[in-house]
Amino acid sequence: MSSPAEYYKSLPPISKAYGTLCLFLTTAVQFGLFNLPDIALIYKPVFSSFQVWRLITTFFFLGNFSINFGIRLLMIARYGVQLEKGPFERRTADFLWMMIFGALSLLVLSAIPIFWNPFLGISLVFMLLYVWSREFPNAQINIYGLVTLKAFYLPWAMLALDVIFGAPLMPDLLGIIAGHLYYFLTVLHPLATGNIILRTPRWVNKLVARWRIGAPTPMYNRAQPDRTTGGADGTTSAAFRGRSYRLND
């Protein structure tokens, strides 16, 4: 069994960095190093006082120390890591762009008054969960030892549990919306039409290459296996189909 230090070192770069920053900022808030009103997403001071850090810090606070905080960190460590090591293996720039696109989508959604939320960290984690559930739709998930279900339904099951235990509905729902938007633009729409609307920008690839983050992105298309799992009759419902992996040109 590997030590905690070895496990941490083995984590892929983006998931590791995001989880570490979430832990750092949440801990700093708990110890009074930062005040919540100073890092919350409030648009008025962003534009009137140029407090642009609010557009970033909102994604790294996962709530006060609690069981829910631990669960969110575990979601990053499991679902974010499995995405980065699976569908996004050797595609660090694509994974980083997914996170950036999700964050931008959440900022736009949160600008709508009925969707506004001061902290979007939980929503970004839920986006990771949603994308993971679409990439591995047939994985069997056991929830608290009570029920087993397909991964495709996991985001909705977690949302229902949060509501039952009194957590706000909106952060989870925003994450699902952002996750579905990303998956639709990068997987569902291209599969249906052959046109790719959302591509990883060149500047993201250059950033990853310049800072040597993760593995280099392949410069040509490489066939990868389709994770589609057929039923007994050899057919598969479109709702339970993972993507055929995309790579940059």
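Each Cβ is built from the backbone N, Cα and C atoms, and glycine gets one as well.
The transmembrane segment annotation in TrEMBL covers 21-43 (among others). Sequence-distant contacts of the transmembrane segment (21-43), counting only residues of its own chain at least 6 positions beyond either end whose CB sits under 8 Å from a CB of the stretch, comprise 53-55, 57-58, 60-65, 69, 72-73, 76, 107, 110-111, 116-121.
The feature transmembrane segment is assigned by TrEMBL to 55-81 (among others). Tertiary proximity for the transmembrane segment (55-81) is limited to same-chain residues at least six positions away from its ends with a CB under 8 Å from its CB atoms, namely 11-12, 14-15, 18-19, 21-26, 29-30, 36, 39-41, 46, 103, 106-107, 118-122, 124-125, 128-129, 132, 162, 167.
TrEMBL lists 93-109 (among others) with the feature transmembrane segment.
Per TrEMBL, the feature transmembrane segment maps to 115-132 (among others).
Per TrEMBL, the feature transmembrane segment maps to 144-167 (among others).
Within the chain carrying the transmembrane segment (173-198), a Cβ under 8 angstroms from the stretch's Cβ atoms is held by residues 98, 101-102, 105-106, 109-110, 115, 117, 120, 122-131, 134, 155-156, 159, 243-244, 246, all 6 or more beyond its ends. The transmembrane segment feature in TrEMBL is assigned to 173-198 (among others).
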